[in-house]
Amino acid sequence: MERGPVVGAGLGAGARMRVLLGCLVKVLLWVASALLYFGSEQAARLLGSPCLRRLYHAWLAAVVIFGPLLQFHVNPRTIFASHGNFFNIKFVNSAWGWTCTFLGGFVLLVVFLATRRVAVTARHLSRLVVGAAVWRGAGRAFLLIEDLTGSCFEPLPQGLLLHELPDRRSCLAAGHQWRGYTVSSHTFLLTFCCLLMAEEAAVFAKYLAHGLPAGAPLRLVFLLNVLLLGLWNFLLLCTVIYFHQYTHKVVGAAVGTFAWYLTYGSWYHQPWSPGSPGHGLFPRPHSSRKHN
């Protein structure tokens with residue numbers, strides 16, 4: 001007879017705790033949703049501004065040209081100065097894979113939700129296929145340049161001994177070192193990825209302006225791309241500060257910028273191309289006709 005009220009009070013306290021936890025979860029979800037919508041709106045507005053995009057190109061040029069001067073003002077023993085650091089191994093070495101994964105999901109969602117057409121979606125996704133071909137072609141070209149300009153050396157305690165071996169394969173097979181002009185492939189790739197992602201993400205501002213479906217999943221994917229773009233900018237700065245020779249970095253960035261110009265700045269505006277980002281996704285305003 002005396003335990004009944006105690007059990008009931010315990011159940012009542014447990015129920016109130018569950019209600020409080022449920023309310024707390026709802027509040028946290030509401031805050032997260034509000035931050036997601038606010039952050040995606042502001043990021044879309046920034047990336048969609050033509051003026052800011054031009055300034056962004058100037059920023060990348062300044063990073064590559066003047067960034068190496070920071071090596072005299074930073075700690076040379078920081079983790080980012082090591083070739084084996086986590087970000088260099090997991091992100092820079094696989095930068096194109098990360099870019100394709102994140103950006104491919106964004107392009108897929110934006111194009112399909114805007115058009116509901118598989119063929120148009122595949123056409124826009126083919127820009128990433130072109131980007132992959134550019135990356136592979138540039139990598140092979142850089143290796144060819146190193147082969148054509150290089151020589152075989154054997155490291156000795158007194159210095160380097162030059163050998164007359166004709167190519168890299170025979171030199172490395174003999175246990176020596178092949179040294180030639182090495183264009184920075186990391187600088188090329190990070191520059192190309194930065195320009196490519198900024199161009200693709202700029203479409204989201206127009207997408208939102210047309211009132212197309214923009215739920216939490218799409219906004220989250222967009223913000224993940226924005227965060228990845230920020231990471232590429234940071235790792236590009238680390239690369240130009242700590243790694244490679246100056247001209248190797250500048251040439252790599254110049255080739256990356258030129259690759260962007262040939263594709264996004266020129267070819268994608270032609271009718272026989274994969275199309276520029278946003279092409280054919282949004283209805284054009286009809287011009288009013290005057291009748292006599």
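Using N, Cα and C of the backbone, Cβ positions are placed for all residues, glycine too.
According to TrEMBL, the active site annotation covers His186 (among others). A 10 Å cutoff on Cβ-Cβ distances gives His186 (active site) a total of 21 other Cβ atoms nearby, all chains included.
Here TrEMBL flags His244 (among others) as active site. Annotation for His244 (active site): same-chain Cβ neighbours under 8 Å, separated by at least 6 residues, are Thr182, Ser184, His186, Thr187, Gly252.
Its Cβ placed at the centre, His248 (site 'Important for catalytic activity') has 19 other Cβ atoms within 10 Å. Per TrEMBL, site 'Important for catalytic activity' is recorded for His248.
Positions annotated as transmembrane segment by TrEMBL: 19-38 (among others). Sequence-distant contacts of the transmembrane segment (19-38) (same chain, at least 6 residues past either end, Cβ-Cβ under 8 Å): 216, 219-220, 223.
Look at TrEMBL and you will find 58-75 (among others) tagged as transmembrane segment.
Annotation comment: TrEMBL describes 95-114 (among others) as transmembrane segment.
If you look up TrEMBL, you'll see 188-208 (among others) marked as transmembrane segment.
Below 8 angstroms of C-beta separation, residues 36, 39-40, 43-44, 47, 60, 63-64, 67-68, 70-71, 74, 76, 80-81, 83, 87-88, 91-92, 95, 98-99, 102-103, 105-106, 109, 184, 186-187, 190-191, 193-194, 197-198, 200-201, 204, 249 of the same chain, each at least six residues beyond the ends of the transmembrane segment (220-243), sit close to that stretch. The transmembrane segment annotation in TrEMBL covers 220-243 (among others).
As annotated by TrEMBL, transmembrane segment applies to 250-268 (among others).
Among the recorded stretches 58-75, 95-114, 250-268, the one sharing the largest number of Cβ pairs closer than 8 Å with the transmembrane segment (188-208) is 250-268. Same-chain neighbours of the transmembrane segment (250-268): 57, 60-61, 64-65, 127, 130-131, 134, 138, 183-192, 195-196, 199, 244, 274-277, 279, counting only residues six or more beyond its ends whose CB sits under 8 Å from a CB of the stretch.
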